[in-house]
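A short worksheet on the structure shown next.
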Amino acid sequence: MSVFGKLFGAGGGKAGKGGPTPQEAIQRLRDTEEMLSKKQEFLEKKIEQELTAAKKHGTKNKRAALQALKRKKRYEKQLAQIDGTLSTIEFQREALENANTNTEVLKNMGYAAKAMKAAHDNMDIDKVDELMQDIADQQELAEEISTAISKPVGFGEEFDEDELMAELEELEQEELDKNLLEISGPETVPLPNVPSIALPSKPAKKKEEEDDDMKELENWAGSM
């Protein structure tokens, strides 16, 4: 028999040989506590009544006052006994509840241990290591495949990377020189704008006078 079977017994329900279960015993103790608590309340009321009666009779009826005080003392004694009994029962109930809790905890731990054992029955540490190695190999293979797929393929066309870079640098230099020439070219001086208003022409009469003078000059030169 396993250690848990020795602790809790094979039957599991009733404690050994038909005895009460912890739950039944705990419930009975609680019922007893409730009964004694009600008895306490009753005795406290009786003590209050006898004290009132003793004060009422006082010096008028000493015999009745003394009887009331005697009854009060008896009730107080019973109340003290019940207080002690309640303390004992409360201690016993708490101990039983703790024991029952520990029992349930151990049962559940045993149940979990059996479940774990059953889960590991078909496992072998060497097989686990082999499986983890297979997983690592497959992951590595997947990485290699992904890298191969993502690598650009020229489909038979191969180019010299250095030659392409040199050509690119040459094109960049040509473009740079062109931009510099455009920036440092001859500066053009803007011409003045042509006036939009037409200049006044010579008067027609003045032009005729000049023509007459020229003719007169020609005639004088011919007569000499």
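Even glycines carry a Cβ here, placed using N, Cα and C.
Per Swiss-Prot, the features are as follows:
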COILED    23-183  coiled coil
COMPBIAS  8-19  compositional bias 'Gly residues'
MOD_RES   SER2  N-acetylserine
MOD_RES   LYS6  N6-acetyllysine
MOD_RES   LYS114  N6-acetyllysine
MOD_RES   SER184  phosphoserine
MOD_RES   SER223  phosphoserine
REGION    1-23  region 'Disordered'
REGION    185-224  region 'Disordered'
Query: Could you state the CA-to-CA distance between SER184 (phosphoserine) and LYS114 (N6-acetyllysine) to the nearest Å?
result: 92
Field: Surrounding CB atoms that lie within 10 Å of the CB of SER184 (phosphoserine), all protein chains
entry: 8
Field: Cβ neighbour count within 10 Å of LYS114 (N6-acetyllysine)
entry: 12
